[in-house]
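Report on the following structure.
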């Protein structure tokens, strides 16, 4: 753009892109016979960021960036204790899924099908944590849905397409990103068919939801209201293709081991058959023998089982595993409480006997790893309440008696030790 003269005869410079003068913008940068203002630079950066984000969906999952199954397993090991076989199965399944996505555009005679995952294991065994860790590792959108809140479309409750709406919300409504995300559907066992016999009453939260989930899991164009609104006629919908979304379904499947045991005991008959007694086989060992027919008998419809070809079973966590969970993972509970107390400039010591008592209590409550935090929180409540107002406390010691409710934390002052709550 040609230079123009101002009324005071000074030579004004103008942006070659938007035409604004040097007085209308904060900064004007000169190039060979051209100028660009700071506003145009910001606009260019915004365009580049948007294009890079769209391209990043492809680039982030390219072969060079995709971790190998062993690398995925190593990262899972940092957050999840035990469940070695389940971690190996998940690592291979997730690697193959995103490797498949990379080759979607390539024309080939062999079309690779999606392999969704079914996790079977007791409460607190690490099902949800495994799915969360995978999503964080791969840097893809992730959402957890509770199957018990879902109903068929037209009934009170959430319909299955709400799951995709939440996934979109998690990635700021970037459809390309959402279409390569991970959905974890928890409590899938709670929507099992109520009985083998068809009923005249509609099973809107059982088999009906399974039928509704079927299309979503297999791959369909889901219609989602924009920006989290409710569905109503004459409204534009966001179309999301679920074909390449990885679905991981999880559930405790209480009673499934009995179905498996009944089947295996019937087949384990005759000379040379080795049949272990029920006492010799723990639930985890029994669940490893899960077959599609067992899941059908439990109440899942055959079509849904067919869409969940990868089955990983998780065992019940024993005392040793729970103690490791308390101290070993990157974000272990004991490390978290150490940090909380360090913020008060106080050292926290949880003795091995206390860790063992926490693990024993979680096993008695049948809450698995999920119940560990509430046990520690309960034991530390009084001292965390009193500590901010106390002066001179340098250390807090927690032993087995504190966890069992038979004692109080020992407070070490800069001069003498004292028991919490005593004056």
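Just so you know, glycine gets a Cβ as well, placed from its N, Cα and C.
What Swiss-Prot says about this protein:
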| type | residues | note |
| --- | --- | --- |
| BINDING | 15, 18, 37, 40 | Zn(2+) binding site |
| BINDING | 122, 123, 124, 125, 126, 127, 128, 129 | ATP binding site |
| DOMAIN | 3-56 | domain 'ClpX-type ZB' |
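On the structure: features taken from Swiss-Prot.
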residue	record	Cβ within 10 Å
18	Zn(2+) binding site	14
37	Zn(2+) binding site	24
122	ATP binding site	20
123	ATP binding site	15
124	ATP binding site	23
125	ATP binding site	27
126	ATP binding site	28
127	ATP binding site	26
128	ATP binding site	16
129	ATP binding site	20
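Distances between the Cα of residue 128 (ATP binding site) and those of the binding-site residues 15, 18, 37, 40 are shortest for 40. All protein chains included, residue 15 (Zn(2+) binding site) registers 22 other Cβ atoms within 10 Å of its own Cβ. In the three-state DSSP assignment, the secondary structure recorded for residue 127 (ATP binding site) is helix.
In the three-state DSSP assignment, the secondary structure recorded for residue 37 (Zn(2+) binding site) is strand. In this structure the alpha carbons, written CA, of residue 127 (ATP binding site) and residue 37 (Zn(2+) binding site) are 53 Å apart. Sequence-distant contacts of residue 40 (Zn(2+) binding site), defined as residues of its own chain at least six apart whose C-beta falls under 8 angstroms from its C-beta, comprise 15, 17, 18.
Among the binding-site residues listed (122, 124, 125, 129), 129 has its Cα nearest to the Cα of residue 37 (Zn(2+) binding site).
The average pLDDT for the domain 'ClpX-type ZB' (3-56) in the predicted structure is 77.
Listed in chain order, the residues near the Zn(2+) site other than 15, 18, 37, 40 are 16, 17, 19, 20, 25, 28, 35, 36, 38, 39, 41, each with its Cβ within 8 Å of the site Cβ centroid. Each residue in 121, 250, 314, 368, 369, 370 lies on the same chain as 122, 123, 124, 125, 126, 127, 128, 129 and has a C-beta within 8 Å of the C-beta centroid of that ATP site, without being one of the site residues.
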